[in-house]
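Chemist: Can you read through this structure? Questions will come right after.
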Amino acid sequence: MSTDLYAVTVLGHDRPGIIAATTAGLAQLGLNIEDSTMTLLRGHFAMMLLCRGGADAAAIEQALAPLAANGDLDVAVRPVTDEPTPAAGGSAWVLTVHGGDRSGIVSAVVAEVAAAGGNITDLTTRLAGELYLLVAELDLPADADSAALEGAIRSAAERVGVTATLRPAEADEL
Amino acid sequence: MSSERVAGWSETELGVEGRVLPVVCAPQGVLSARGADVDPTSAESVQLAADLVATMRVSPGCVGLAANQVGVGVRMFCVDVTEHPKTRTQHGTFVLCNAEVVESSRNEKAREGCMSVPDFTGDVKRASRLTVRGQLPGTGETVEFSTDAFEARALQHEIDHTDGFLFLDRVAGAHAIYPRQTYL
C-alpha cells in the first residue's frame, strides 16, 4: 500500500455535514486521516487534514467534488512530504497579545519572535467588537534570551497600542 | 483570626449605600494597567468598596469585581463565591485592598470568563490552595487567610485585575480560547 500523504483543505460557507461528507469520500478511497484541524473563522468553515493512502490526488479531488458542487466551498488536494520531527532542546512558550483593533498588530509582534529565532507552532487570533486577541504557542531555541524577547515583544506591542505577555508553556508530567 | 474576621465581614460595616457602576470592557486601557495602591480607610475607598459590592450583586453570575473593571485604577476588589457549585472553603462577601498572594500551590486548569471580556472564555491554570494578604476597607486592618478551590481561583483572577492582567494573559495555549456562545 502506498504511503503517499495528501493535504486536503476545505474552506467556505459553513453548514452541517461538511466533515461527514469529506471523511466519507476519503474513507471510500481507503485513505487514513492523520493530523487534522477545523475551526470557524468569523463563521467560515476552515479545515485542513492530512491523509495517507493509495489513492492519487486526482481520485481524491474527484471523490470530494460533490462537496464543491454548490460553489460555496473550496476543496483543494495536494501531495505533501513527511516532515522531520523537530529537534528537542528548546523551550515552549505562550504569547498573549490583546488590545484595541488596528492593522499591523500581528506583524509587529511576530516579527520580534522571528528575529529571536522563535518558531510559532500554533496561532489563534480573534476579533470581537473592538478587542483584538492573539494567542500563540512558540518554541525558542536553547540559546534564546527569553527575557530580551519578552522586552522586545512588549515594546513592539506598545508601539501598536496593545499589551503582550510571554510565559512558559507549562506541562505537568503525570 | 483573620479567616473568621473576613468571613464575618459584610458591606454593612461600610455604612454607606453602594451605587451600581457601569462595567468597562477590554480593550479599555484601565484593565491593562496595574492599579495604584489605595488607602483603605479613606472615604473614597469606603464608597468604592460599597459600589463594587452593589455592582457585583446586580450582575448575574458575578463572583468578583475589581475596581479597574468599573474604570477606577486602584488595587481593590470584591469577591463572593457563596452560591457557586465549585466552591469549597468560602468567606462570604468581602472586599480587599492592596491584596497579594502569599502562598499558592496545587495548580488546576479550569475555564474562566470575565464581565470585562464578554466575548471569550479561556482555560487557565491556577493554584487551588492559596493564602492571600490584604486590607479591609473602612478599618484598614490587615488580614491574611487561606482558601481553596473556586474561591482561590476567584481571588487570583481579581488580584490579576489589580495588577493589570486579564485571564487572556494566562490562557494555557492557542486553543484554550473559546468564543462565548450566544443563542438568539
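Residue numbers in this text run from 1 along the chain shown.
Each Cβ is built from the backbone N, Cα and C atoms, and glycine gets one as well.
Unlike curated records, TrEMBL annotations are generated automatically.
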Chemist: Would you identify which residue of B:CYS97, B:CYS114 TrEMBL lists as part of the Fe cation site it also attributes to B:HIS157, B:HIS161?
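Modeler: So, going by the record in TrEMBL, that would be B:CYS114.
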Chemist: Neighbours of the Fe cation site B:CYS114, B:HIS157, B:HIS161: Cβ within 8 Å of the Cβ centroid, same chain, sequence order.
Modeler: B:GLY64, B:ALA66, B:GLN69, B:GLU112, B:SER116, B:GLU158, B:ASP160, B:LEU166, B:PHE167
